[in-house]
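S.K.: Below is the structure I would like to discuss, written out as structure tokens.
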Amino acid sequence: MIRVGLGFDSHEFREGIPLRIGGLTIPHTHGLSGHSDGDVLLHAITDALLGAVAAGDIGAFFPPSDPKWKGANSVVFIEEAMRHIETAGYRVGNVDCSLVLNAPKIGPHAKAIQESVAKLLKIEPTAVGIKAKTPEGLNLDGTALAHVVVLLEKR
């Protein structure tokens with residue numbers, strides 16, 4: 001049996017904070033604001049994983065109203081979501097991710113992001129799709145979005 005999860009997240013760029021995407025720090029003049037580290041990709045993956053096993057969403061597990069999660073590394077969110085899918089008897093088959101942002105260019109970092117996500121999800125890098133698009137005509141210059149679909153397989 002398989003299950004599919006869909007994840008989405010968005011964060012605004014701000015000066016003075018590091019840019020975290022896929023569990024990595026990416027060199028850039030601005031980072032993504034958020035209650036945690038603002039890792040838009042890991043947040044969308046977390047939502048997709050939790051949704052695939054009908055466990056809720058990232059806000060139910062890590063509410064922004066809880067000071068415990070202020071500045072938290074989003075890797076913790078992925079680890080918790082992975083515990084839920086494993087407890088439900090599933091493993092990740094593959095994940096496909098689209099990042100929507102004007103800058104920085106993701107191409108030079110795509111392989112490192114792919115490897116980081118693969119390690120977190122306990123899959124091969126070839127099972128992780130990382131794509132980047134620009135938000136042409138959408139007036140989203142100061143924002144990054146992530147769209148994710150994940151396929152889970154029964155273990």
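Placement of Cβ uses the backbone N, Cα and C atoms for every residue, glycine included.
Pulled these features from Swiss-Prot for this protein:
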- D9, S10, H11, H35, S36, D57, I58, G59: 4-CDP-2-C-methyl-D-erythritol 2-phosphate binding site (BINDING)
- D9, H11, H43: divalent metal cation binding site (BINDING)
- H35: site 'Transition state stabilizer' (SITE)
- T134: site 'Transition state stabilizer' (SITE)
S.K.: Given H11 (4-CDP-2-C-methyl-D-erythritol 2-phosphate binding site) and T134 (site 'Transition state stabilizer'), what distance in Å do their CA atoms have, once rounded to a whole number?
M.R.: 15
S.K.: In the structure shown, which of the binding-site residues D9, D57 has the fewest Cβ neighbours within 10 Å?
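M.R.: Minimum Cβ neighbour count within 10 Å, taken over the binding-site residues D9, D57, occurs at D57.
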S.K.: Which are the residues of the chain, D9, S10, H11, H35, S36, D57, I58, G59 excluded, whose CB is within 8 A of where the CB atoms of the 4-CDP-2-C-methyl-D-erythritol 2-phosphate site average out, their centroid?
M.R.: G34, H43, D47, F62, P64
S.K.: Tell me the Cβ neighbour count for T134 (site 'Transition state stabilizer'), meaning other Cβ atoms within 10 Å of its Cβ, over all protein chains shown.
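M.R.: 13, counting other Cβ atoms within 10 Å of T134 (site 'Transition state stabilizer').
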S.K.: Any idea what DSSP makes of S10 (4-CDP-2-C-methyl-D-erythritol 2-phosphate binding site), helix, strand or coil?
M.R.: strand
S.K.: Taking the Cβ of G59 (4-CDP-2-C-methyl-D-erythritol 2-phosphate binding site) as the centre, count every other Cβ atom within 10 Å, in any protein chain shown.
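M.R.: Here the count is 12.
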S.K.: Which one of these binding-site residues has the most other Cβ atoms within 10 Å of its own Cβ: H11, H35, H43?
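M.R.: Top count of Cβ atoms within 10 Å goes to H43.
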S.K.: Among S10, S36, the binding-site residues in question, whose Cβ has the most other Cβ atoms within 10 Å in this structure?
M.R.: S36
S.K.: Identify, in sequence order, the residues in the chain of I58 (4-CDP-2-C-methyl-D-erythritol 2-phosphate binding site) that are 6 or more apart from it along the sequence and have a CB within less than 8 Å of its CB; answer 'none' if there are none.
M.R.: D9, H43, T46, D47, L50, F77
S.K.: Using C-alpha atoms only, work out the spacing between D57 (4-CDP-2-C-methyl-D-erythritol 2-phosphate binding site) and T134 (site 'Transition state stabilizer') and round it to an integer in Å.
M.R.: 26
